[in-house]
Each structure stands twice: as C-alpha cells, then as structure tokens.
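Notes for the one structure printed next.
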Amino acid sequence: MSEPIRVVVTGAAGQIAYSLLYMIARGEVFGPKQPLILHLLDIPPMVGVLEGVVMELADCALPLLREVIPTTDPAVGFKDVSAAFLVGAMPRKEGMERKDLLSANVKIFRAQGQAIENFAKKDVKVLVVGNPANTNAFVCANYAPSIPRENFTAMTRLDQNRATSQIATKLGVPISDVKNIIIWGNHSSTQYPDAGQGKVVINGQTKSVADAVNDTSFLQGAFVETVQKRGAAVIAARKMSSAMSAAKAACDHMHDWWNGTAPGTFVSMGVCSDGSYNSPKGVIFSFPVVIVNKKWEIVQGLDLSDFAKSKLALTGKELQEEKDEALSVLDVGSSNL
C-alpha cells in the first residue's frame with residue numbers, strides 16, 4: 001500500500017460534497033489501493049454541519065481513509081494537498097447580476113488561489129466545480145502563479161455525462177456503448193453539447209452517433225437544449241440542485257485526470273485555451289482532451305460543421321466577457337488584494 005495522499009474538498013458541508021466525499025474515500029477516484037487524508041474546508045457558520053460529516057465518514061469505516069481534517073482555515077485546508085475539489089462558491093441569488101456574482105466569487109477564489117500557491121504541492125491537480133466554474137478557475141489560477149496553468153481545470157463532465165445519457169437513451173443502448181460526446185466552451189446555457197464526433201456500438205458494430213440517430217434536427221435542437229437546461233430541470237423537479245450527479249461527474253473528471261483516458265476515447269474538461277478551434281486565448285474553455293501520465297492534451301483536427309462553429313463562437317464570446325468582467329473586478333479591488 002502506498003503512502004497516503006492529501007485531498008481537499010471545499011464547501012465540504014454542502015450537498016455536492018455529501019456525495020463526493022464518500023466516493024473519494026472509498027477509492028473511486030484515486031484507486032482501491034491509494035490511502036487518503038481528506039481535508040474538509042468550509043466557512044465558520046458551517047462548522048457544526050462539518051462535524052456531522054466527519055462523524056459520518058468515521059461511521060462508514062472506510063479502509064482507505066487514514067485521517068479527516070475539518071477546517072475553516074485555507075492554510076490548513078490546502079496544506080500539502082495533491083488534489084483539490086473546489087466545490088464551495090457563492091451561488092447566484094435572485095436579482096443578482098452576473099458581475100455581482102463574479103465579484104463575490106473573485107474574493108473566494110482569490111483566497112483559495114493564494115492558499116494553493118502558498119501551501120499545496122506544486123503538482124496539485126485543481127478541479128473547480130463551484131459556478132461560474134470556468135471563470136472561477138481562471139481567477140484561482142491567477143493567484144497561484146507558481147502552479148502550472150494546466151493544473152487548473154473546470155468541470156464540464158456533468159454536461160458530458162448528461163449528453164451521453166441522452167444519446168444512449170435515444171438509441172436504446174447502454175451508457176458504456178456511447179463515447180466521445182463533447183462539451184465545448186462554458187459550463188453555462190451557452191455551452192455546446194456536440195454529438196458530431198460521437199461513436200456508438202450497436203449490434204456489435206461501431207457507428208457514428210450522427211448516422212445512428214439519423215436526425216439532424218434532434219441533434220441540433222432538442223438534444224442541445226435538454227443538456228443546456230438540465231440543471232434547471234433538476235432544480236424544478238427536485239427543488240434542490242443536481243448534487244449527486246455533480247459529485248459523480250467530479251469523480252469522473254479527477255479519476256480520468258489521475259489515471260488517464262482509454263485509447264480512442266476523449267473527455268471534456270474546462271482547460272486554459274491556447275486558441276484551438278478559434279476559441280479566445282487565456283479563458284478556461286471546455287475542449288475534448290486525452291490524458292496520459294496525468295497530463296491532458298486538447299484533441300486537434302476535428303472537423304466541425306458551420307453550426308458547431310457558430311455555437312463555439314457564442315460560448316467563446318461569453319467566456320471572454322466573463323474573463324474581462326473578472327479582470328475589471330480584480331482591477332477595481334486591486335488596492336485590497
């Protein structure tokens with residue numbers, strides 16, 4: 001058995017973390033032979049709830065879980081961590097403008113970026129789940145200049161899982177027989193769920209999803225809209241956000257980053273854009289990636305339709321606007337940073 005690694009989850013007293021912590025601690029992310037020390041970071045008003053979470057983790061009697069460290073101090077939360085799940089964020093409230101949301105989150109992710117810079121391992125893998133995830137990841141990376149930019153990612157795996165599920169249901173096949181569905185751009189309603197590169201196994205034969213579905217109006221209409229609006233639909237039905245599926249997606253994202261992708265398979269991750277597919281450089285943009293030895297690489301050379309290109313331009317524009325707004329907030333608050 002190897003030495004334990006330290007993993008931090010922020011917003012650890014919240015709904016998503018309630019599912020996420022159990023999945024991590026039982027070995028679903030880092031493997032069945034990797035012992036863990038979990039750091040649970042949250043804000044002071046949540047200390048009582050955090051104590052309950054610690055008790056439940058103890059009561060699960062998980063063999064891989066060597067220690068649990070609950071804290072409200074980022075210096076403790078990020079000390080020597082190898083992986084970080086940044087779940088905690090300021091949610092958008094009624095009447096709140098996007099810039100207000102960004103302003104509130106800049107303060108949170110500034111502090112977390114600084115703590116990562118000062119206390120985390122230099123090869124730490126950071127996954128931002130809290131929304132607006134792409135721009136929160138951009139802000140966080142800004143405040144950890146000694147950590148490689150490629151070590152900061154945003155989660156669009158939930159959207160990919162949603163999209164994959166929609167295609168599997170449409171074709172009446174198991175989830176495992178559908179792959180390479182892509183989420184481009186922002187984790188927002190402008191994201192582009194793209195089945196154009198997807199593959200599906202039907203009766204033992206591999207086909208393109210486009211050929212198997214054979215319904216362009218569906219793939220460019222109802223499919224895209226269902227995935228884009230799925231989070232709102234879950235809230236409307238459940239009266240709470242999609243916590244279980246978000247936790248599962250966070251595990252999938254980090255598992256593949258840690259362990260690599262299968263040959264011929266790519267996954268969607270929000271990563272720092274190098275301008276691929278005419279995306280704006282420097283924003284955190286969701287691309288299809290392949291992963292080897294814990295390093296992701298954007299899949300190049302995919303043939304995109306004019307429809308897809310128009311959707312990428314739309315979500316790229318939104319991300320550039322978010323980035324500019326975040327930078328303006330940083331500039332305004334620079335005397336206090």
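Heads up, the Cβ atoms here are built off N, Cα and C, so glycines get one too.
Because the structure is a prediction, the values reported are computed rather than measured.
Here TrEMBL flags His187 as active site, proton acceptor. Annotated NAD(+) binding site per TrEMBL: Asp42, Asn105, Val129, Gly130, Asn131, in sequence order. TrEMBL lists Arg92, Arg98, Asn131, Arg162 with the feature substrate binding site. Under the heading domain 'Lactate/malate dehydrogenase N-terminal', TrEMBL lists 6-152. Look at TrEMBL and you will find 156-327 tagged as domain 'Lactate/malate dehydrogenase C-terminal'.
Comparing Asn105 (NAD(+) binding site) with His187 (active site, proton acceptor), their Cα atoms are 16 Å apart once rounded. Taking the Cα atom of each, Arg162 (substrate binding site) and Val129 (NAD(+) binding site) are about 16 angstrom apart. Counting other Cβ atoms within 10 Å of each Cβ, the lowest count among the recorded positions Arg162, His187 belongs to Arg162. Listed in sequence order, Thr10, Gly11, Leu86, Val87, Gly88, Ala89, Asn105, Ile108, Asn136 are the same-chain residues at least 6 apart in sequence whose CB falls under 8 Å from the CB of Gly130 (NAD(+) binding site). Least crowded of the binding-site residues (Asp42, Asn105, Val129, Asn131), judged by neighbouring Cβ atoms within 10 Å of its own Cβ: Asn131. If you take the Cα of His187 (active site, proton acceptor) and the Cα of Asn131 (NAD(+) binding site), they are about 8 angstrom apart, rounded to a whole number. Mean model confidence of the domain 'Lactate/malate dehydrogenase C-terminal' (156-327) amounts to 96 (pLDDT, 0 to 100 scale).
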